[in-house]
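*Asks:* The structure that follows is given in the form of structure tokens.
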Amino acid sequence: MAQVTLKGNPVNVDGQLPQKGAQAPAFSLVGGDLADVTLENFAGKRKVLNIFPSVDTPTCATSVRKFNVEAGKLANTVVLCISADLPFAQKRFCGAEGLENVVNLSTLRGREFLENYGVAIASGPLAGLAARAVVVLDEQNKVLHSELVGEIADEPNYAAALAAL
């Protein structure tokens, strides 16, 4: 069990964040059309998994905006923005913001993702949501970079994630 903070208060996180060199766990999440989306849907592409609690928080929204800008510059790479938000909320946010370069995925029917990727917040006011993390995968789903952000209210290290590509 890892521990991060939320505005300085300790929060327990269940599961193990995939480490560099490891094979990423398979997953099934929910896309904007409510269909199941798996890791295999992105076979042959590099993947940036931007994992966060909710797009309705300022830091999470900022991470989606920043990765959207970067995603437009990346060849053979998809940026997956993964949260517990309903697909409707994710679609509404990206539509209102004009964000078209990221793929939103919900843990709505894929709760096992949270523990398999070591981001399941187990205590505190955000229990049941995802901790903030970034996992970068190559075309064969090997982990190139992973970061569990120590303070949930902080942004991830974008430069380190993008440099891993």
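The backbone N, Cα and C atoms fix where each Cβ goes, and this holds for glycine too.
Per Swiss-Prot, active site, cysteine sulfenic acid (-SOH) intermediate is recorded for Cys60. Residues annotated as disulfide bond in Swiss-Prot: Cys60-Cys94. For 18-165, the entry in Swiss-Prot reads domain 'Thioredoxin'.
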*Asks:* Can you break down the domain 'Thioredoxin' (18-165) into helix, strand and coil residue counts using DSSP?
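*Replies:* In the domain 'Thioredoxin' (18-165), the DSSP-based counts are 40 helix, 41 strand, 67 coil.
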*Asks:* Quick check on the recorded positions Cys60, Cys94: which one has the highest count of other Cβ atoms within 10 Å of its Cβ?
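*Replies:* The largest 10 Å Cβ neighbour count belongs to Cys60.
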*Asks:* Provide, as an integer number of angstrom, the distance between the C-alpha atoms of Cys60 (active site, cysteine sulfenic acid (-SOH) intermediate) and Cys94 (disulfide bond).
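*Replies:* Cys60 (active site, cysteine sulfenic acid (-SOH) intermediate) to Cys94 (disulfide bond), Cα-Cα distance: 12 Å.
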*Asks:* For the domain 'Thioredoxin' (18-165), report the average pLDDT of the model, please.
*Replies:* 96
